[in-house]
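Enquirer: Provided herewith is a single structure, encoded as C-alpha cells, for subsequent inquiry.
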Amino acid sequence: MTELPTSPVYFLLVDDREENLVALEAVLQRENLHLLKARSGSEALEKLLEYDVALALVDVQMPSMDGFELAELMRGTQRTKRIPIIFLTAGSADEQRYFRGYEAGAVDFLHKPIEAAVLRSKSDVFFELYQQRQEVARQRDELQAILEENASLLRKSQEFAEALQDADRRKDEFLATLAHELRNPLAPILHAVQILRLGGVSPEELFELNEIVERQVKHMVRLIDDLLDVSRITRGKIQLRRERVWVADIVKSAVETSKTWITDASHRLEVKLPEQPIAVSGDAVRLSQVLANLLNNAAKYTPADGHIIITADRVDDHVRIRVEDNGVGIPLEAQGEIFDMFIQVKQHFQQARGGLGIGLTLVKRLVELHGGTASIFSEGEGQGTSVTIELPLDETTDTRESTADDGSQVVASPFRILVVDDNQDAARSLAKLLDLDGHDTVVANDGKSGIEVARTYQPDVVFLDLGMPNFDGFQTLAAMRALPDLGDVRIVAVTGWGQEADRQRTKEAGFRFHLVKPVEIADLRHVLLQIEATTSI
C-alpha cells in the first residue's frame with residue numbers, strides 16, 4: 001500500500017464561543033492534524049487566505065456573519081470554493097434550514113450537543129481524503145516531471161541521431177572529396193611517369209615534367225599536413241613555438257604562399273598594414289598558415305578577376321587581421337556552422353577549385369590556441385566574405401627588436417633605394433647596410449640634389465633625413481610628390497626626433513614610415529618588408 005504523505009493537514013474550526021472551540025479541539029486532536037480556530041467569519045476568512053484547509057467545521061449561529069454567509073463567501077472564491085464544510089447547529093432540524101445549508105455548500109450537518117464519536121468518524125474521512133488527494137497530486141506532478149524528462153530525452157536522442165546522421169553524411173562527403181582531391185594531383189603525376197616510360201623526351205620537356213611532379217607532390221603534402229594538423233589539435237598534441245612575430249612578416253609569408261592561387265585566377269590583391277610595425281606572441285609558421293588558408297579560400301571562392309584585401313591593424317590590446325573578397329559569399333543560414341569540420345557550402349562546389357573543407361576549422365582552432373578569436377561575415381550569396389581574426393598584441397611591441405639582429409631575420413626582395421642625408425657618413429653607412437641586404441642604393445647629401453637624383457634614378461623607396469639645411473625633409477617630400485613620376489614612391493622619414501607629436505607631424509605630411517636615429521638594421525628590414533607586403537600582386 002502506498003504510504004500517504006506526512007505533510008500537515010489543517011482543519012478550520014469556526015465558533016463565536018471559546019468553550020465550543022476548546023471542546024472541538026479536544027475531540028479532533030490527532031497526529032499530523034493542525035486545528036485553526038476562529039471566533040468570527042472575518043477571522044475565519046483571514047485563516048483561509050493563509051492556510052490550505054482540508055475541512056471547515058462552521059457554527060451556523062454567529063453574530064455579524066453567520067455560518068451560511070461565511071459559506072457563501074467561501075464558495076465565491078477560487079481558493080476556498082472546494083473546501084468541504086460541516087455545519088454545527090443548535091437550531092431546529094427543519095428542511096428549509098438544511099436546504100439553505102446545502103445550497104451554501106455544506107457536505108453535512110451536526111447538531112449540538114455533538115457526539116464525539118460521530119464527529120471524529122466524519123472528520124477522519126475528510127482527513128484521509130485530503131491526504132489521498134495530496135498523494136494523487138504529488139504522483140501527478142511526478143508523472144508530469146517524468147513525462148517532460150522523457151520528452152526531453154526523446155528530443156535529445158532524436159537530435160543526437162540527427163547529429164550522427166549528419167556526421168556520417170559529412171564523413172562520406174569528406175571521403176569522396178578527399179578521393180577527388182588526391183586524384184587531382186595523382187593524375188598529372190601518373191601522366192608524367194607514363195610519358196617518361198615512353199621515352200623520347202627532350203631536356204625542356206623533362207624539366208617541365210619535373211616541375212609538374214614537384215608542384216603536385218607539394219599540393220598533396222599540403223592536403224595531408226592540413227589533415228594531420230586538425231588531428232593533432234583535436235587530440236591536444238600540437239605545440240606552438242612561441243616567439244615575437246611581426247605581423248608584416250607573416251602577412252608577407254602568407255601572400256607568397258598563396259600567390260599562385262591568386263595570380264592563376266587573375267585576382268587583384270591589396271595589402272593594408274599599419275604605419276607602425278606591430279607584433280604578436282605566437283608561432284610564426286602557424287600564423288602564416290592561418291593567413292594563407294584565408295587567402296587561399298578567398299581566391300578559390302572568388303570568380304576570376306576578383307578583388308581580395310588583407311588588412312592588419314591594432315585595436316586596443318589586440319591585433320586584428322581581416323581578409324575580404326568580393327566572391328560568391330555565404331548564405332546567412334550557413335554562417336553559424338562554417339567553421340565546423342568538413343563543411344563546404346553546397347553552392348560553392350561549382351565555384352571552388354578544390355579543398356577538403358577543413359581550412360576554416362584549422363584557422364579557428366589555431367587562432368584559439370594563440371588566445372585569439374576568428375569570425376566570419378557575409379551579407380549572403382554573391383556578396384563576398386569577410387573573415388576576421390583577433391590576436392593578443394605583444395606587450396613589448398615597439399618599432400625596435402628587443403635584442404640585436406643576428407642576421408637571421410627575413411629580408412625583403414631587392415628595392416631601388418635613395419638615401420638623402422646631409423651627413424655624408426650617415427648616408428653612406430645607411431646605404432651600405434641596405435646594399436648588404438641586396439638592395440640597389442644611391443646617395444644624395446641635400447634636399448635639392450635628392451630631388452634631381454630621384455627624377456633620374458626613379459627609386460622604389462626614399463630614406464629622407466628631416467633636419468637638412470636650406471631645403472629640409474618636409475620641403476623635399478613635397479617637391480618629390482609634385483613630380484608625376486614620383487607620386488607613388490614610398491618615402492620614409494629618418495630623424496633624431498621620436499616623440500608622438502613628431503610621428504604625427506610626419507604622418508600628416510605624407511611620410512609612409514618614421515624611423516628614429518640611430519636606425520638599426522632590424523628597423524630597416526621591418527619597414528621594407530611592410531612596403532613589400534603592401535605592393536599589390
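Every residue gets a Cβ built from N, Cα and C, even glycine.
All TrEMBL annotations are machine predictions without curation.
Because the structure is a prediction, the values reported are computed rather than measured.
As annotated in TrEMBL:
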{"type": "DOMAIN", "residues": "10-127", "note": "domain 'Response regulatory'"}
{"type": "MOD_RES", "residues": "ASP59", "note": "4-aspartylphosphate"}
{"type": "COILED", "residues": "129-156", "note": "coiled coil"}
{"type": "DOMAIN", "residues": "177-395", "note": "domain 'Histidine kinase'"}
{"type": "DOMAIN", "residues": "416-532", "note": "domain 'Response regulatory'"}
{"type": "MOD_RES", "residues": "ASP465", "note": "4-aspartylphosphate"}
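Show me how these features fit into the shown structure, please.
Expert: The domain 'Response regulatory' (10-127) scores a mean pLDDT of 88 in the predicted structure.
With a cut-off of 8 Å between CB atoms and residues at least 6 apart in sequence, the same chain places VAL14, ASP15, ASP16, ARG17, ASN20, GLY67, PHE87, LEU88, THR89 near ASP59 (4-aspartylphosphate), listed in sequence order.
According to its DSSP assignment, ASP465 (4-aspartylphosphate) is in a strand. The Cβ of ASP465 (4-aspartylphosphate) lies under 8 Å from the Cβ of VAL420, ASP421, ASP422, ASN423, ALA426, ALA427, GLY473, VAL494, THR495, each of which sits 6+ residues away along the same chain.
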Enquirer: Would you identify the secondary structure of ASP59 (4-aspartylphosphate) according to DSSP, in three states?
Expert: strand
Enquirer: Could you give me the DSSP helix, strand and coil counts for the domain 'Response regulatory' (416-532)?
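Expert: Split by secondary structure, the domain 'Response regulatory' (416-532) comes out as 59 helix, 25 strand, 33 coil.
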Enquirer: With DSSP helix as H/G/I and strand as E/B, how many residues of the domain 'Response regulatory' (10-127) fall in helix, strand and coil?
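Expert: For that range the per-state counts are 52 helix, 27 strand, 39 coil.
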